[in-house]
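Student: Handing you a structure now.
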Amino acid sequence: MSLAVQRADFDRYMVPVFNPLEMILVRGEGSRLWDQQGRDYIDFGAGVAVTSLGHNHPALVKALHDQAAKVWHVSNYFTNEPALSLAKKLCAATFAEQVFYCNSGAEANEAALKLARKRGVDINPEKVEIVAFNGSFHGRTFFTVSVGGQPKYSSGMGPNPAGIIHVDFNDIEAVKRVIGPKTCAVIVEPVIGEGGIVPATPEFLQALRDLTTANDAVLIFDEIQSGNGRTGALYDYMNTSVVPDILTTAKGLGGGFPIGVMLTTAAVGNHFKPGSHGSTFGGNPLACAVSEAAFDIINDPAVLAGVRTKAARAAAALRAMGERLGCFSEIRSSGLWFGCELSGALAARAGDLVGKGAANGVLMLQAGPNVLRIATSLIISDAELDEGLRRLEKTCIELLS
Ligand SMILES: *Cc1c(COP(=O)(O)O)cnc(C)c1O
């Protein structure tokens, strides 16, 4: 057995739930990554909207190093300074009065859904139904895949949790037909991410707010991907006139260090009592220290304005490219987050674009077979952005010829 590791080892040693690309990335700086052979890549995927401040950001590296020299883990028998400090900042910056920490997006939604069910049952034992949307994604635990609106992720494993109703996204009448006194929660991504960067309409979100209030159900915004500056606001609900009762986030919050958090009001959060829910690693000092450093950078009007400026620049460039090449039928976007609907000779070839793009030095994502998904760092430089766009155009031209 050779000690050096290579891509072939993945197929030999890993449970085959993923099929990673051929190269192994070993180093990053800003929006550039390098592989084992020293080839460079422009990062247009940000590790699925996670490394929102790029790679090797000095403030994040410093926060990690400083905390690493203090204490790594104390358990929830104790609280700790980074966890409390970040909680205060999250509450000061949002509608929230309480937070629950965990380690991933799925866990944040698991906490939100359990809290909504607990509150529902506290009111009336039959108040357990959850309304969710076709095409949505909420994580990979059994509860969250069942609530997610993509049957391919939730089927084939036996009985699913009960009481979950799916209707079409942006369809107010469909929600009216299923919501009622038995509804404990409506969960929605304000912009559907994995499902193709599809923004909710303002009327739809307002209707969800009105209908949940009228039925004494909680409104959960899954901002795991849309949060932490991605859309040009700290959280996307701030771009709307709607305030949720529970907000979940993860991905970009830690800038690459695993963390998840559920934000809520005291009125809702107090339905949980000591022992109702928990997490060994939730509130980990390293995770909270790095996230606090990331949050301090992102929660700055100048940085958020920068997201909007860069987003406008990138959107214009993508539209112009689509017109030159005739390969995108639609470009949906929200901040530095783009879903390019593929058409013509590129139809249904998002996978090919991602693979060939990597070979050409630009790392991108897909959202289903027909949507090329781009999520850059929030602080990507104009030079990195332009270089990535050049490599993307070269890739499209190669696939078209
Ligand atoms: C990524 C994602 C999740 C799941 O997060 P994990 O950290 O992978 O568990 C849930 N909801 C949305 C909207 C996401 O984008």
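Cβ atoms here come from the backbone N, Cα and C positions, even for glycine.
According to TrEMBL, the protein has these features:
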- G105, A106, F137, D222, E223, I224, Q225, T280: pyridoxal 5'-phosphate binding site (BINDING)
- R140, S279: N(2)-acetyl-L-ornithine binding site (BINDING)
- K251: N6-(pyridoxal phosphate)lysine (MOD_RES)
Student: Give the subset of the binding-site residues E223, S279, T280 lying near ligand 1, defined as CB under 6 A from any of its atoms.
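Tutor: Checked binding-site residues vs ligand 1; nothing flagged, none.
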Student: Which one is it: of the binding-site residues Q225, S279, T280, which Cβ has the fewest other Cβ atoms within 10 Å in this structure?
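Tutor: Least crowded of the binding-site residues Q225, S279, T280, by Cβ count within 10 Å, is T280.
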Student: Of G105, A106, I224, which binding-site residues are close to R140 (N(2)-acetyl-L-ornithine binding site), meaning a Cα within 10 Å of its Cα?
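Tutor: Passing the 10 Å Cα cut: G105, A106.
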Student: Among G105, A106, F137, D222, E223, I224, Q225, T280, the annotated pyridoxal 5'-phosphate contacts, find the widest CA pair distance and round it to a whole Å.
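Tutor: Per the listed residues, the maximum Cα distance equals 25 Å.
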Student: I'd like the number of other C-beta atoms within 10 A of the C-beta of I224 (pyridoxal 5'-phosphate binding site), please.
Tutor: 28
Student: Between I224 (pyridoxal 5'-phosphate binding site) and S279 (N(2)-acetyl-L-ornithine binding site), how far is it from one CA atom to the other, in Å?
Tutor: 18
Student: What binding-site residues among F137, D222, S279, T280 are found with a C-alpha within 10 angstroms of that of K251 (N6-(pyridoxal phosphate)lysine)?
Tutor: none
Student: Taking DSSP as the reference, which of helix, strand or coil describes G105 (pyridoxal 5'-phosphate binding site)?
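Tutor: Its secondary structure by DSSP: helix.
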Student: If you draw a 10 Å sphere around the Cβ of R140 (N(2)-acetyl-L-ornithine binding site), how many other Cβ atoms fall inside it, taking every protein chain shown into account?
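Tutor: I count 14 other Cβ atoms within 10 Å of it.
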